[in-house]
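Following: one structure in structure tokens, then a few remarks.
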Amino acid sequence: MAHDRVPGDEERHTGSLVTNRVLLTLLVAALLGVVLLPFASMAPNRLMSGQAVGVTAAMLSWQWLALAGLAGILTACALSRPFPARLARWLTLTAAPLWLLLALYGLGDYASRALQDASPAARVSQGAAFWILVFCPILMIIDAFQRLGSSLAVRGLYSVVLVVLVGAMFAGDTFDALSIMREYANNKGTFTAEFLAHLRLVGLALGPALLMGLPLGLLARRHPTARGPLFGALNFFQTIPSIALFALLVAPLSALGEALPWLKAIGVGGIGAAPAVIALIMYSLLPVVRNTYAGFAGVPATTIEAARGMGMTSRQILWKIEVPLALPVILSGLRIVTVQAIGLTVVAALIGAGGLGAFIFQGLGQYAIDLVLLGAVPTIALAVVADFLLQILVALSKPAGMR
Amino acid sequence: MRVATVKHPIPFRDWLLVALSVLLVTLTLFMARLEPLFQALFPDVSNPVYRRESFLQLTLDHLLLVLVSSLISVSVGVGAGLFVTRRGGREFEPMVSSMAAIGQTFPPAAVLAIVVPLAGFGFVPTVVALTLYGLLPVIQNTIAGLNTVPPATLEAARGIGMTQGQILRRVELPIAMRVIIAGVRVSVIINIGTATIGATVGAQSLGTPIIAGLVGNNIAYVIQGALLVGLLAIVSDLLFERLERRFTFGA
């Protein structure tokens, strides 16, 4: 969604039958996935691998017929006839989400039907074809918006409605029979705690990273000689693999905790949140500093000259000219570090810092795949949502003339 | 997402590269000789050096994971980038760019975890996850690099009678090369890190002693693995930096 370039409407002049090859490719991919891959799997218990179930076997006939009907409409949208291009796009934006919701409902419905007369330990999980049936319509929606060239406001509103609808399905009992939701039900309290711990770690890292990174970025702008060593050092940290940096901080911090009992009392020790937060701050500094620097460097010299000519002081120029003009670039940096920190916090679970990664590594250790997904899927959702929200913030921070 | 590259005084960087490479090779080969040092640092630990597998083997396993996945990522990624910047594939460019951008917001560790239910445990799922993730920066930078070629330059190349293939090989790729290599650099560095986490899904790598140390509460193992993998990443990064410099045009 970051790329707003719209492919030209040359498609109408070519006179060929297929006008939207992207949409057609996605439909072919979905068809292949549905034919070749399992839609769901059913296992006797949470640790055993399941029996593959195809789409037509898992869904009721009205469900997969409706899915096929929607695929037919979408195919027509990819062709030059019968729909005019603009109508085809809006039709795609209607049919694709229905497809998405139907795939979600179909899976939940299958799970509850399949488990009705199965042993209580039996589990139903989603298969590869399910993921394809979810991702293809999302990509179709993105493609349709790109072709329409819709504003961020329209896209945002559309996404919110879609997220609310999917959220309502989760809040209702659609998915309750599904294995990943059973894991959730079994770990409800822990899940909330780990989710909040994840957010807290990200927040604890981003706060200090911004407090240090913003002045450092300004410093790099004002003093060109400081730039080389500063960026070199920060890039050095950025390069070290996360798990290595987390791990390397464990030893000195545990020594520190042993040496200074009052530090240990406030939670600084070898294992836990302290090394995680320090490592996350080190990782977050480079994007913040680099974007702050780039933001200030991008302010046109003539603009500053004009402000000085009007008699503004240096302080006024900084706050009234430079900061507002640099803000979009600085916020893009915040977007990068937020997404990065959400991802790196997963790894922090390995050194006992908690967060959603705890479910992933616990699940991997027990070979409980749905516990793994209970950690992985919300993390990915969190990263994508944070990215989207900050993207909107970046767009809003642009001065009216630049939007 | 590395956009800006920063210039450093060349001699220092090269000196650092040589020194760290020597350190990496020496530590890989002779970690066991440091036993007295680790024993002194961690007197409570009975086995202060990881011995279940030689560090040479672990480093080679790690490199194999990264090499296999990076080779696939680079060939598929550059191929896809080329396809969507040609006339026949232009229509796919916004979609492919969006997928690359959105995909990179997915945490690498979560991608690794998602692949396990689909591909199982061990070497293969780790390579699959590394390949998928490594593709994205390569595609993104290939597209960005090829799009930096000024239309006037292409026009001029066409004007002097170059064929499409000649334009690609002698004009577009040389101009785009530095940005493409920057993408490969990001991809390889991320993959070195993710291959470390691959130890949790059963792929042997330098992450194996780290995980073993964290599980068995043996900080010495953790340090040994982390030191080597950190050095490996930094040496690779410095090598790519050199390579990028070589392809800088008009600087």
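Every residue, even glycine, has its Cβ placed from backbone N, Cα and C.
Quick look at what TrEMBL lists:
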type     : residues  : note
TRANSMEM : B:12-32   : transmembrane segment
DOMAIN   : B:59-240  : domain 'ABC transmembrane type-1'
TRANSMEM : B:63-84   : transmembrane segment
TRANSMEM : B:105-124 : transmembrane segment
TRANSMEM : B:130-154 : transmembrane segment
TRANSMEM : B:175-199 : transmembrane segment
TRANSMEM : B:219-240 : transmembrane segment
Within-chain partners of the transmembrane segment (B:12-32) [C-beta distance under 8 Å, separation at least 6 from its ends]: 49-51, 55-56, 59, 224, 227-228, 231-232, 234-235, 238-239, 241-242
For the transmembrane segment (B:63-84): best-contacting stretch of B:105-124, B:130-154, B:175-199, B:219-240, by Cβ pairs under 8 Å: B:130-154
Top partner of the transmembrane segment (B:130-154) among B:105-124, B:175-199, B:219-240 - counted as Cβ pairs under 8 Å: B:175-199
Contacting positions for the transmembrane segment (B:175-199) when only residues 6+ beyond its ends and CB under 8 Å are counted: 1-2, 5, 62, 65-66, 69-70, 73-74, 77-78, 81, 108-109, 111-112, 126, 129-130, 133-142, 144-146, 148-149, 153, 205-208, 210-211, 225, 229, 232-233, 236-237, 240-241, 243-244, 247-249
